[in-house]
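**Q** One structure, as structure tokens, below. Some questions next.
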Amino acid sequence: MAGLLQALVGASEKAAHIARLCRREEPLFQLLVAEKTGADRNRRFLQDFKTLADVLIQEVIKHDLGKEFPELQGHIHGEESNEFRNGQGETVAVRVCATPGDTAALLLSVLEPERAAAELLAAAVHRDVVLGDAALAGVALSIPPQDLAIWIDPIDSTNEYIGGREDVATVDGIAPAGLCSALVLIGAYDRHTGCPVLGVINEPFFRRDPLTCRWQGRYHWGVAYGDTRLCSLSPPPLRPMPCVVLSRAEGGTVQAALGPLCDGHLRFAAGAGYKMLCVILGLADAYVLSKGSTFAWDACAPHAILRALGGGAVALAGALQAWWGGDTGSPPELVYNRPVEGAAGAERWANRGGLVAYVHPQHLQAVLAAL
């Protein structure tokens, strides 16, 4: 259903607007500054504003998608809990109310006495989004929403968002850190198979407008459903010498194994979503993570886009086990409907076996061989 793809993109644009608003408007920016300094925030708020911004974006996406597609209600999942304890010790469930005034009043019950901040956020929550994207409007799909579920990462790479660094120099187009790595991720997967089928990545802080100096964003989307492969991007060219992007925390053994494969072209970046985006854009050819430190909400949206481009994302541990067993075929992809057995909380949705994200299967095979 083409309307669902457009709704995912529209929800990501509203989310990106809220993320930018929090850095642009003084009452909201001061709350971010308090979060950065720590001490003032702890005196003034029982819950940090960073998490409220995350939760509000998540609840807006849930509300907007659920209202337009009732079949999805109860099947839209996010990273954050929506409950806060305010200064009076009351538990407040953050949600989108019927009117901007009601939403502002609810937010004020968490942010008291920051009335201006609550009203700014409420206005953004109830703002209508007009896409004006002719290419997106022309997409024709037949995907029954009742077969799908959603994973949301409202602000991936939250620490970089709070830090707000704009002066980070890129290395071959890849930013090692900084505000540009803060993304909105919305992915849809098949409820029955767990396979990702629709993905939207929004970059709220793509560049500054040279005239207004305000941040401008951009978005990317992909569809991989049945035999349908559609994407807002074209597959990057196949390079003979792959570039691999890693986390700074990646172990020395993995780095040493991959270094010769890349002729030393290892790159480092923050945020799982951003590193997967680097592969999607062709800035890197593979993203390798040996630890189980990413989650379903980090990977679902970019994984769908990778599949739309002919690639995918596999569990590294399982892929290596198959390789050692002599199976050099394509290993199974990550799925998003199976919680980890015996785990609790967020760990139920961890990608326990690490991952490899790629566009070209040749690069996947080369990475597995090197490791």
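Here the Cβ of each residue, glycine as well, is placed from N, Cα and C on the backbone.
Note that the structure is predicted; figures quoted are calculated from it, not measured.
TrEMBL feature annotations, pasted as is:
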- Glu79, Asp153, Ile155, Asp156, Asp298: Mg(2+) binding site (BINDING)
**Q** A 10 Å Cβ contact count, applied to the binding-site residues Glu79, Asp156, Asp298: which residue has the minimum?
**A** Glu79
**Q** Count the other Cβ atoms sitting within 10 Å of the Cβ of Asp153 (Mg(2+) binding site), across every protein chain shown.
**A** 30
**Q** In sequence order, what residues of the same chain, 6+ apart, have a Cβ less than 8 Å from the Cβ of Ile155 (Mg(2+) binding site)?
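**A** Same-chain residues close to Ile155 (Mg(2+) binding site) (Cβ under 8 Å, separated by 6 or more) are Ala19, Ala53, Asp54, Ile57, Tyr161, Ala182, Leu183, Val184.
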**Q** Compute the centroid of the Cβ atoms of Glu79, Asp153, Ile155, Asp156, Asp298, then list the same-chain residues not in that set whose Cβ lies within 8 Å of it, in sequence order, for the Mg(2+) site.
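**A** The surrounding set, listed in chain order, is Asp54, Ile152, Pro154, Ser157, Thr158, Leu183, Leu185, Gly273, Trp297.
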